[in-house]
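Below: the structure, in structure tokens.
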Amino acid sequence: MKTKSKKLKSDLSIGEFEDIFQEIPEQLPVVVISEIMPIPNVDFRIEVSDNSYLKALKESETNANSFVILLTQKGLSHNKPKLTNLQRYGVLAQIITKVKIPHGDFKVRFRILQRVKIDKFLQKEPFLKVSYEKVKTVYGSIEEEKALIKLVIEKIMDKPFQLLVQNTNNFLDIIKTEPETENITDIIIFNLKIDDLDKYKYLKESHLNKRIFYILQDIQSLLIGLDLEQKINEKVKQSIDENQKEFYLREKMKAIQLELGDKAKKEEEIAELRDKIKKTPLPPEIKKKALQELSRYQTSSLMAESFVIKNYLDFLLELPWGKTSQDENDLVAIEKSLNNQHYGLQKVKERILEYAAVKIMTKKNPQNILCLVGPPGVGKTSLASSIAKALGRQFVRQSLGGLKEESEIRGHRRTYIGAMPGRILAGIRDAKTVNPVFLLDEIDKLVTNYNFDPASALLEVLDPQQNINFMDHFLSEPFDLSQVLFIATANYLDNVPEALKDRMEIIEVSSYTEKDKINIASKYLLKKQLKNHGITDTNLVIDNDTILYLIRHYTKEAGVRELDRILAELARKTVKECLIKKKEQVIITTKNVTKYLGKEKYLNLLDEQKEKIGSTNGLAYTYFGGDLLPVEVTYYKGKGQLVLTGKLGEVLKESAYTALSFIKANCQNLGIDANIFAENDFHIHLPEAAIPKDGPSAGITIATSLVSAITQKYIKKGLGMTGEITLRGNILAIGGLKEKAIAANRSGLDTIFIPQENLKDIEDIPEEVRNKLNIIPVSNISDVFSQVFVV
């Protein structure tokens, strides 16, 4: 519904007005208007389209003078109103004309006669109908009335009245010639530049002098707002003028500085850069590019552009073009250096010696990319540093954990604000040689998804056929990486993309045995901690038996990081006792170690091993090396369902279904009643439920636990097993046998069952572990069942 209005002085005589009021019905239809507040003495024109309002207009025509009640909503909304949202004060209006316009709407002209108060809503459909009472104007002191209206008119005339009122045509003439104060008041109210919702107070106020007083208040608020707006505009104008002035002065100052000093400084920089370009052994094409950029820098007057060009030239000239470090050519010295810094790790050391031997023989850098894979704490990162030291090369380390932007590898294009070179060339710059040992740490922790794929950017870096012309986006020129010895590290090879794995030579760095840890602790870690804490081996005495006790009862890890922290704690407590208690020597033994480290964190699992029903020790290969994977099975009355818990992956779940299907198919041979599967539900649980578990190698363990639970046979203590099971009961090969065997030995097991196909991998298991374990190869699950149960 659209509204238009024309502010008019009432043209009815008092007699005509009273005659009309005598004919008004006590119940009238209602039209709800929006956008404007109706005030008496106003001529309204409204476009009506709502069906219910059209019916209300039709109903009004049945009374003598076509009367309706006009109401507004509390929020002046355009939506169809609810009764609760209608104002209780409105106006009585008379329809003067009703003209049909296109689209079926009507343009209706109303004359506003008097204020009314709604008494009761009588009906809602098909149109709104109300009973009402007229709001009669209450008159106060005539002297006060005249004084107030005079003050209002003076206030309006004091300022350009267009600032206070709207629709100013004939406004002044009307209020000057209108004899009735009430009419003047209503005309001013309607024209005041205030929100229509604020005008509602005038509609419900019956006392004339109060209405005039409200006008004075609103005019005062408008005047304050106008003054505030004028002050704000002046401040904005002043700020703009000051900014323009400041900009002008700064630009002028730049020009003066350029003429006086900056110009000389820039010329000095240009001469210095030109000299560097001349002395640096750049390839011809790159030297030409550098001189072109220098020419651009010389002629550029824009500070932003000059800054980018200067950064580019600085980086280009900081790169070690053709600069190499002298490699160590004595294999015996290289081997000795590696052995002095790291215990064990023979496979990696042997590979580095081969690399050095080939380089010495061919006088060329072998194109090899090594990837050290193993659990945390086994020395992968520190070994890379030792390799650099043994070969006589610089060492650069870049951690790739959490890296997700390709630009971190290749760099940003110089068109971007804050562009920087990638990590590869930044590392080469820091090394100051083109043949460093470059460690790409945690390559399995790259963030790779449909949005990010930094692994693809590494393909060019790690491909010997491509990295001779590696292109960094920031440098925009090829750089030779063929002399760099790249070494990557990873905890879990499955997380490394296949394309990257294909470009690297994988070398497994396995978990340490107890013997390894004792040697590392006594020969390396303890000496390091004694030095770090300012004491000697006479101040802190700890023998190998105590170190073994620490390994078994205070650590549970594939590497030696926790062991190193424990030795550091013992060193700190020794220093404290030496200073406070004036001791010269602290001897740590298995009997007093709890005094310094507290109670044992891990019990000896060998003491915990008992004969159990439905519980078998599996062997797992995780991010952190090998570990035990207990499998528990129970069953209860049900409908033959299989319940799997312990945060299992899809492959592990399939192994459980396969094991159960094999047992169902062979229940007669196993001495199991077939009805037990239909009458019971089976629950398979792998403890430590918060840790995700997956893989096929638990099939043999699940099958053994199921048979034990169903037949109520005890499983011998000290057993562990690993292997994938098929529906025929065959046991297939698994990975990570070495890590699993070390974990079994560390956990106190004495016998493990492994797939027959893994016999070839037994040689990889350390001799001391092989000697302590009874390793039984099996090709079918029946071979396991015949040996694991207590007879």
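Residue numbering: from 1, along the chain as shown.
Cβ atoms are placed via backbone N, Cα and C, with glycine included.
Bear in mind that the values here come from a model prediction, so they are computed numbers and not experimental data.
Taken from Swiss-Prot as is:
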DOMAIN    28-223  domain 'Lon N-terminal'
BINDING   GLY374, PRO375, PRO376, GLY377, VAL378, GLY379, LYS380, THR381  ATP binding site
DOMAIN    610-791  domain 'Lon proteolytic'
ACT_SITE  SER697  active site
ACT_SITE  LYS740  active site
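It is 19 Å from the Cα atom of PRO375 (ATP binding site) to that of SER697 (active site).
Counting other Cβ atoms within 10 Å of each Cβ, the lowest count among the recorded positions LYS380, LYS740 belongs to LYS380. Taking only the Cα positions, the spacing between THR381 (ATP binding site) and LYS740 (active site) is 23 angstrom.
Counted over every protein chain shown, other Cβ atoms within 10 Å are most numerous around GLY374 among the binding-site residues GLY374, GLY379. Averaged across the domain 'Lon N-terminal' (28-223), the predicted model reaches a pLDDT of 79. Using a 10 Å radius centred on the Cβ of GLY377 (ATP binding site) and all shown protein chains, the other Cβ atoms total 20. For PRO375 (ATP binding site), other Cβ atoms within 10 Å of its Cβ number 23. Following the DSSP three-state reduction, the secondary structure of LYS380 (ATP binding site) is helix. If you measure from the Cα atom of VAL378 (ATP binding site) to that of SER697 (active site), you get 24 Å. In sequence order, GLY618, LEU619, ALA620, TYR621, THR722, GLY723, GLU724, ILE734, GLY735 make up the list of same-chain residues 6 or more apart from SER697 (active site) whose Cβ falls under 8 Å from its Cβ. Within 8 Å of the centroid of the Cβ atoms of GLY374, PRO375, PRO376, GLY377, VAL378, GLY379, LYS380, THR381, where the record puts ATP, the same chain has further Cβ atoms from LEU372, THR489, ASN491, VAL509, ALA558, GLY559. Rounded to a whole value, the Cα-Cα separation of GLY379 (ATP binding site) and LYS740 (active site) is 19 Å.
Compared over the binding-site residues PRO376, VAL378, THR381, the count of CB atoms lying within 10 A of a residue's CB peaks at VAL378.
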